[in-house]
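J.: My questions will all concern the structure given below.
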Amino acid sequence: MNSPIDKLERKIGYQFNDADLIHLALTHRSAAGKHNERLEFLGDSILSFVIADDLYHRFPKVNEGDMSRMRATLVRGHTLAELGREFELGDYLKLGPGELKSGGFRRDSILADAVEAIIGAVYLDSDTEVVRRIILSWYQSRLESIQPGVSQKDPKTRLQEFLQGRRNPLPVYTVTNIKGEAHNQEFTVECEVAGVDKPVIGKGTSRRKAEQAAAETALEQLSNV
């Protein structure tokens with residue numbers, strides 16, 4: 001009999017030996033009991049290493065700055081959320097009542113965190129080489145199409161250049177909330193941007209990631225104005 005998890009395992013290309021790991025990876029902190037944030041922490045580091053290693057060997061003549069920008073593009077929340085939607089992760093997430101009601105299963109940050117948690121779970125269930133193979137299979141088309149150059153600028157840089165080009169004031173970022181233990185925090189940042197009515201919210205596991213997430217959202221809103 002095919003369970004929902006069997007279906008998800010086929011989508012991600014990996015069958016778990018320890019089913020508890022995949023269930024934990026899909027459990028958001030809003031749900032009761034254990035949740036996926038420790039797995040997310042682990043998966044974030046593994047993903048960054050695997051992508052950095054691939055870019056280093058794929059682009060032997062590219063400098064550190066361009067490689068950093070390409071990696072940032074590939075591991076940012078928006079890209080991870082795209083992967084989550086490709087796997088239809090929203091159908092499998094375990095959320096608390098409040099997140100369910102507010103549509104958390106569609107939220108970029110929750111989908112991105114779950115993808116990182118799955119990476120952490122695959123690593124714990126197997127080994128470094130297996131998780132590398134899985135990540136590279138997910139990223140194959142993106143790695144084949146990405147190129148070094150200006151298009152890889154991070155969202156904060158692109159937002160600043162967008163505003164400067166229109167002679168608008170620079171964005172103002174303010175940390176409005178920090179929650180969680182020191183090793184596992186979530187930062188909430190508000191970004192005030194000329195041309196956007198309300199401050200834009202960004203969340204991330206560091207201030208920098210939260211600011212980048214807010215800048216990405218601001219760019220999307222400005223492009224629709």
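Even glycines carry a Cβ here, placed using N, Cα and C.
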J.: Can you find which of E40, E181, E186, E190 Swiss-Prot lists as binding Mg(2+) at the same site as D113, E116?
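T.: That Mg(2+) site, as Swiss-Prot gives it, pairs D113, E116 with E40.
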J.: What other residues of the same chain, not counting E40, D113, E116, have a CB atom within 8 A of the CB centroid of the Mg(2+) site?
T.: N36, E37, L39, F41, G43, D44, L80, A112, A114, V115, A117, G120, T205
J.: Among the binding-site residues E40, E116, point out the residue whose Cβ has the most other Cβ atoms within 10 Å, with all shown protein chains included in the count.
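T.: Selected residue: E116.
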J.: What residue among the recorded positions D44, D113 has the most other CB atoms lying within 10 A of its CB?
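T.: When each Cβ's neighbours within 10 Å are tallied, D113 leads.
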